[in-house]
Amino acid sequence: MRVVVLCSLVAGVLGQQLSEPKNIVEIGAYGQPRFRATELPDLTAYGPLSTLARHNGGEYTFGAYMENDAYVRFYLSLKGIPFGTPWFGIGFGESMLGADFIVAHLYNTSTVEVHEHVPRNQYAPPFASFNPTPWVMEPLNGGYVDGNFFVEVRKPLVPEPRPYDHETLVSGKNGESQRMIWAYNPASVRNHWTGFFAYHGENPGSQTGLPSEPDQTHGAMSVNFEQKTIQFIPVSQRIRRVAHASGMFVAWLVLFPAGAFWSRYMRFLPRWIWVHVGMQVLGVFLLIASVATIVATLGRVRFHAHSILGLIMISLLVLQLLMGLTNRTLLRTDLPATNRRRFVRLFHRINGYILLLASIAQVALGLRILYPIEEPRGDAFWIMYFLIVGFWVVLFGLTEAFRRLFFVIKTHRAGDMVEDGVAKYQLTGKPAGIEELAKRQDARHYPELKSYNWKTLDEAVSNGKLLVVADGRYVYDVSKWIFSHPGGQLILLAVAGTDVTSDYFNEAGYDAAEFTPPPLFPQQNTRRQTVSQFHEKLSEPIPSSQISVVSESFINTASLVLTQTDWYRISRARRTHVHTKLAIMRLSHLLVGEIISSPEKSSSDADTLVQMGRGFDRFEYRRYALTQKELLTDASQGSSNPIWRLRFCLLYPYETRDGQPEEFQPGECVEVQVRVDGVPAARYYSPVSGNITAFDLCVKQYPSHGVSACLCRERPGETQFKIRGPFGQSLVPPVLSSISSSVSVTSHPVPKGSILFVAGGTGITPFLQLLQHIFLPTGIPLKAASGYEPTMPDELAIAKGDNLVVRHHYMDGWAMGCNTKTGQEGVFPLPKTFPRYGPYVKLVLLNCVLTPGDMVGSELIDAVLLAYPQQFEVHHVIKAGVEDGRGQFSGFGYEGEISEPILKEAVSGAVPPSRPAETEDNAEHAVHDGLLRVAFVCGPPDFNTYVRGELENKFEYKPSDITVLSSLAPNRVEHGKINAKLSNC
């Protein structure tokens with residue numbers, strides 16, 4: 001009666017009718033049945049039993065058969081084996097990482113329990129599910145009879161959904177087999193959760209788990225339930241899993257952190273990059289071998305925390321390798337520091353940190369699978385894990401702290417507030433790194449230091465040496481760092497032959513407080529009247545006392561200010577970094593020479609020699625940033641090649657040199673050096689405006705790979721350019737320059753005469769310098785020719801003879817400035833003033849271009865024609881002509897090529913506005929019959945030769961009157977006159 005009641009209870013608990021429950025003696029605390037059979041069951045249906053293992057004269061046997069085509073019935077037994085507290089079980093799946101289990105336990109040598117066990121994704125005892133509610137397995141019988149510990153269970157082929165996954169069994173009707181695993185422990189002890197379900201132990205001997213090998217504790221098999229056949233499968237050897245774990249352990253916790261540590265803290269060594277790359281590559285190969293080992297062992301990947309994180313980390317590692325190789329490639333090239341390059345470096349750094357942190361978790365997850373931390377068999381691995389992780393944490397932490405405390409240079413040059421109207425702060429003193437460098441070098445002996453000046457230094461760099469200068473004095477050979485410099489090869493190539501003090505010893509933005517945005521001038525009022533009504537024709541000569549040509553040293557507010565865009569792109573192009581004391585120590589070992597005074601004067605008007613390299617020397621290459629870029633030509637007007645206006649600003653604009661010129665003189669040029677196909681190349685260009693701090697160039701972009709093409713392809717704010725100069729002599733005739741070089745406001749003889757400028761192509765650029773210098777200067781007092789009464793509130797009242805200082809030109813004949821006599825500021829018409837050198841100096845331009853679209857400087861030319869039409873005349877020669885009304889321009893126009901009749905028109909226009917009654921013979925330069933009469937020619941060589949010959953032979957210009965601006969070399973003497981520049985013709 002009791003058995004019937006128990007059977008009813010079990011059927012209710014399991015939710016289904018058990019057809020053959022036998023020998024249930026009680027129900028456990030969780031509802032699980034307990035069996036105590038007194039006799040062995042009938043095993044006929046199972047057919048011949050299979051022996052899974054043999055141990056101490058006994059064996060572990062297995063039998064199974066299909067039942068009603070819906071279930072598989074299993075019989076498991078241990079017999080003839082001395083027992084302690086035994087267990088045995090089977091699992092459905094390829095490994096214990098993901099199989100679902102049926103495990104039987106024998107308690108007190110009489111009572112048997114059968115449970116389902118849930119996998120833990122570890123090589124550890126699966127969790128026991130004592131509550132039968134989620135079971136799909138049905139326990140049928142069990143007991144301990146005559147030394148035979150047995151159970152009978154059955155399991156549906158297709159299990160119903162349960163809280164955890166169950167394997168769908170393969171019946172074998174189509175010849176397929178079910179993968180299973182088995183294990184037993186005849187004398188289990190208590191495990192960490194106090195159950196008698198301890199580790200079964202390793203297979204001895206060959207460790208295959210095959211029945212032919214004695215004393216095997218676990219194994220695998222493939223079972224066909226329909227045909228009742230078993231194929232035994234050798235189990236993967238534990239050594240493979242240990243090899244995988246060991247390889248991953250060494251790769252993730254030894255090699256990768258070591259490579260990162262070397263990259264972070266050993267960069268002061270020249271070959272640091274090779275050690276870093278070597279460790280990372282070795283780690284990658286070890287990782288690949290370890291992954292291949294485990295894949296070959298398991299056969300397939302199971303998705304759990306360790307495998308998912310591993311796949312993510314392998315993906316990140318692939319990206320890390322690609323970024324590392326890309327970064328390495330960029331380090332070896334001289335490509336510009338584009339956003340792509342910045343992204344590569346930033347991603348490589350951040351992804352490296354992520355991988356290092358993730359590796360700590362990943363190795364722990366892997367160890368937990370192979371050696372659960374709660375089991376003593378993996379204690380050695382876990383102890384090693386915590387020791388190595390702790391070692392790296394302590395080493396990184398202490399090294400970083402030690403570096404910051406003892407090796408990082410804490411410097412930031414700053415000054416006190418000053419009221420100079422230009423800068424908010426003033427840089428004071430030298431960076432602390434310079435003092436550290438001097439201290440280390442004073443402690444060493446350098447018996448064979450070579451002496452350089454800036455010219456010989458550049459010659460050495462041009463011959464292949466990689467030399468840099470610090471503090472304007474020390475010369476270092478950094479060639480051994482060309483392929484391993486942390487900032488890349490570009491940095492060293494860009495700074496070769498230049499002073500790197502600010503780059504090497506200052507933080508980014510160290511001089512940001514110096515920057516002051518330029519003043520904002522009000523926009524021109526569209527209702528203002530045109531200036532054409534103010535044009536007055538000169539009649540009789542004006543006495544010099546009424547003109548009083550004024551020295552520019554009277555007041556100069558023309559110092560070029562940087563715009564916000566300029567400053568942003570300057571900062572972007574910089575590569576500043578305060579190096580550590582270790583890096584400074586390494587630098588001191590690279591000292592090879594010293595800068596001495598230059599054998600030449602720093603500029604054409606300098607009287608002192610360069611002192612210890614800190615004075616201005618035109619042969620010193622200084623680095624500039626391209627800050628603005630504007631296309632000047634219009635393809636719709638048939639431009640043959642695009643012409644760009646490029647603005648360059650000093651990379652460190654507030655670090656001036658003693659004796660540095662305040663402005664470019666007309667005709668002076670600068671030498672720009674770039675790398676074309678990896679080879680340094682230089683060319684001379686005439687700035688069209690600006691000074692040494694910031695200036696503009698007009699550059700024609702040719703389809704070749706020359707310097708001009710390279711410049712035009714660059715994007716603002718990405719590359720540093722080496723530029724030096726100015727070279728050449730001023731185009732301003734001495735009779736005029738002698739007036740402007742006066743140091744006081746005095747009256748001078750009024751200069752009289754004409755200047756003819758014949759330009760071909762972009763040879764017009766030095767003319768634009770001259771045009772702006774004579775007619776549209778800023779900061780130079782101009783004498784009022786007549787009075788002016790304001791018609792609008794913002795206009796300036798002028799009386800004849802007042803001195804007016806222009807602050808801003810509107811390029812329409814109006815200017816904003818101040819009246820030095822009244823102190824008032826406002827807008828005034830330029831036709832009411834005399835030009836810089838008086839009303840009797842006329843400038844004539846003969847501009848030869850291929851198409852109207854090739855014209856440059858039209859805005860400036862038009863502005864001067866509006867302001868001083870009697871002192872300026874323009875002739876354009878357009879080879880291709882003008883089609884369909886295109887090419888609107890000011891001045892006279894001719895179609896075809898330059899010829900004698902066209903030259904005659906231009907020469908006939910080169911007559912002063914009014915013939916003075918008296919003559920002056922106080923000029924050194926081409927004054928004939930009281931008139932200044934000079935000509936400048938700038939164009940291609942054949943063009944220059946033709947024009948010079950025509951002027952000499954047909955129009956009575958003397959050789960000394962003509963200056964040919966050669967495109968061959970600066971300061972080349974032709975016709976007794978120093979050619980002032982290398983033009984960009």
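Quick reminder: no glycine exception, Cβ is built from N, Cα and C everywhere.
Please treat TrEMBL annotations as automatic predictions, because they have not gone through curation.
Per TrEMBL, signal peptide is recorded for 1-15.
Regional average pLDDT for the domain 'DOMON' (58-185) in the model is 89. Residues or ranges marked as domain 'DOMON' in TrEMBL: 58-185.
According to TrEMBL, the feature domain 'Cytochrome b561' maps to 214-405.
Annotated transmembrane segment per TrEMBL: 242-262 (among others), in sequence order.
Per TrEMBL, the feature transmembrane segment maps to 274-296 (among others). Within the chain, the transmembrane segment (274-296) has long-range Cβ neighbours (under 8 A, six or more residues past its boundaries) at 240-241, 243-248, 250-252, 254-256, 258-260, 262-263, 266, 314, 317, 321, 324, 328, 484.
Beyond the transmembrane segment (308-331), the same-chain residues lying 6 or more positions past its ends with a Cβ under 8 Å from any Cβ of the stretch are 273, 277, 280, 284, 287, 291, 301, 341, 344-345, 347-348, 351-352, 354-355, 358-359, 361-362, 365, 483-485, 488-490. Among the features that TrEMBL reports, transmembrane segment is placed at 308-331 (among others).
Residues or ranges marked as transmembrane segment by TrEMBL: 352-371 (among others).
Within its own chain, the transmembrane segment (383-402) is flanked in space by residues 249, 253-254, 257, 261, 265, 360, 363-364, 367, which lie at least six positions past its ends and keep a Cβ under 8 Å from the stretch. Among the features that TrEMBL reports, transmembrane segment is placed at 383-402 (among others).
According to TrEMBL, the domain 'Cytochrome b5 heme-binding' annotation covers 449-504. Secondary structure of the domain 'Cytochrome b5 heme-binding' (449-504) per DSSP (helix as H, G, I; strand as E, B; remaining residues coil): 23 helix, 12 strand, 21 coil.
Among the features that TrEMBL reports, domain 'FAD-binding FR-type' is placed at 619-733.
Look at the domain 'SH3' (777-838): DSSP puts its residues at 3 helix, 26 strand, 33 coil. Feature annotation from TrEMBL assigns domain 'SH3' to 777-838.
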Excluding the flanking five residues on each side, which residues at least 6 beyond the ends of the transmembrane segment (352-371) place their CB within less than 8 Å of a CB in that stretch?
97, 121-123, 241-242, 245, 248-249, 252-253, 256-257, 260, 305-306, 309-310, 312-313, 316-317, 320, 377-378, 381-382, 385, 389
Per the 3+ Cβ pairs under 8 Å rule, pairs at least 6 apart in sequence, do the domain 'FAD-binding FR-type' (619-733) and the domain 'DOMON' (58-185) touch?
no
